[in-house]
Structures are given as structure tokens and as C-alpha cells.
């Protein structure tokens, strides 16, 4: 039916579902009226970037106003920022798996309660590239963990739950085709490696701690490249797992800064 799924039987027993970190709720807000026609959701780390993206989409879609008046729907919370441009929702998720996971749980429930159909969600933002030209855009075909495996491991109570991290291949090809209209940004499809840390987890030598040599770092990054990894960040495995389980057509497009 194209509806966004939730896989939690306890929600049906709740008198009210409070989306605490988004400052929304099923009793305090008419979610179908506010969001029922949403077709695209774009998420990224920075609130300022997602506000700028919403302003850009308003101009691209020819919506009324200059975009400066775009309002933060989650203004009552200081955790995330959410903006709307017609059928496009633009939301920040912070940095790392814990932060994006919290946002995605509440976003998915929001789309479910709003009875949205056939929603496409795209993660946009920056990343560290691996063996590619600076300024490239990487479209993720599968998110991998630091062992280069396509999986998201999470401890639930005292059980280790493993979930798949494959993203929508048709959407990846569609985005790659669209990229050919923008020659300024070299674009490719590849694996994205998700780490739990910005410094040691990504092989950086300039953190407060460093437990490895430069040679060991380079040997690891060479193995990552040989395994198909083309960029490194900190959210993709959780993003891919939650979107896949809940029926969202998802993709991650990351801009290589350095």
C-alpha cells in the first residue's frame, strides 16, 4: 500500500504517542493534515544546512515567499530542526548513530501517523572520501560497518540484533542518472563505511587518543578501498537498517570534502 510501517505492537495500546524530541504528538497536532502529503524527506546533520536546503527547495519548486520565512516545525525542541517545502521535509539529525537513530524512530512514527504513502528518504551531507576526487558525491549502494560487513549491530536489552544495511538500488541508479545533469560534481556509486567515532574510528591521527601508527592506518584504509568503500561517515548503517525495516525507499548521498 506504500504506507510507512511501524513494527511495534505496543503503539496500538498507547492513548497518545508523544514524539518528544520533535516536539510533536498525536493529540497535540493534526499529523495527517500537517504531513499527509509529504513525498520526500531529506535528512542531514546540521540544522543550518537543512534550513538552507529547505529554502533552496522552496525556490526550486516555485513556492510563494523568498524562503527566509521558512519556519522550524520543531522549534519547541533544541534537539532537531525540521522545515517544510511543499512535499519535501528537511530535517537535521545531528552526528552519529545514537542521534540519527532517535530522530528516525520519531520521524518514521510521524510519517506513519500522518498516513504518508510512497515516501522517499535521502540522507545528504558531507563525508570523508577514500581514493576519490575531492568534491565528489558518493551515492551509497550498501552501508558497511568498520569490518566492511553490510550489517548494523545493536544491543537490545542483552541481545545483539543484526540488521541488513542495503539501500534501494533502483533509487541509487536514478540518482546517478540525475547527476549527469550536474557536471560540476563527479558522482559515483560505492560502499559507505559507518564508524562509531570521528577520530580513532576513522583512522585520524589528530585526536586526544591514538592507538595506532600511520602505517597501520594506511594499511586499513587500503583494505577498506579494496572492499569497495568509497567514503566514511557515522550514520549510514543505522539509516539503512531503519529505513529498510519500515518500508521507506532510502538512499544516502554524501559530498566528499577532503
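Using N, Cα and C of the backbone, Cβ positions are placed for all residues, glycine too.
No curator has checked TrEMBL annotations; they are predicted automatically.
According to TrEMBL:
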BINDING   79, 123, 124, 125, 126  phosphate binding site
BINDING   202, 204  substrate binding site
DOMAIN    39-249  domain 'Nucleoside phosphorylase'
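On the structure: features taken from TrEMBL.
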| residue | record | CB count, 10 Å |
| --- | --- | --- |
| 79 | phosphate binding site | 17 |
| 123 | phosphate binding site | 26 |
| 124 | phosphate binding site | 18 |
| 125 | phosphate binding site | 20 |
| 126 | phosphate binding site | 16 |
| 202 | substrate binding site | 19 |
| 204 | substrate binding site | 13 |
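A distance of 20 Å separates the Cα atom of residue 123 (phosphate binding site) from that of residue 202 (substrate binding site). A straight line from the CA of residue 204 (substrate binding site) to the CA of residue 126 (phosphate binding site) spans 17 Å.
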